[in-house]
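To keep things clear, I will list the structure first and then write my remarks on it.
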């Protein structure tokens, strides 16, 4: 049986980012992945070729090692696959849709559908729900607005946690695969 497929090494940029992420986050006062990544991109573009040189050399060295490990992997009968972690998309939080109206529709859809004649279409449910929603007073809409705000706050918290986890995952991907390097 062939060894584990070698992981592609990090680029010079990701090697630099791994070394610089904490400093960038500290300077920004946040670890939010989107803000740190945006700032990192700006800093990398502003760096001179001389400043990037150390990371370029390291990236070329890692690429050379990777090429050797990949050749060995293929020679031992390994089959190259390009797989992406499916769980990353499954774990990604979803923004609540539809606002307060969406909460109203979720709560009232079944009752509205029962009130329509047999054989109705889904669009009929939407039309009837829209009419009912427009007929509600602001006071009657308030519980749905509160429910939406609660869901939105939960989403924002989950998204922040997800982004922090993704940041850690990206840093891990940027590190060389020591297990594969030991076997090379």
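Cβ coordinates are placed from backbone N, Cα and C, and glycine is handled just like the others.
The DNA-binding region annotation in TrEMBL covers 6-74 (among others). Mean pLDDT, taken over the DNA-binding region (6-74), works out to 90 on the 0 to 100 scale.
DSSP assignment over the DNA-binding region (94-163) gives 57 helix, 0 strand, 13 coil. The DNA-binding region feature in TrEMBL is assigned to 94-163 (among others).
Residues or ranges marked as compositional bias 'Basic and acidic residues' in TrEMBL: 84-94.
Annotation comment: TrEMBL describes 6-74 (among others) as domain 'HMG box'.
As annotated by TrEMBL, domain 'HMG box' applies to 94-163 (among others).
According to TrEMBL, the feature region 'Disordered' maps to 77-99.
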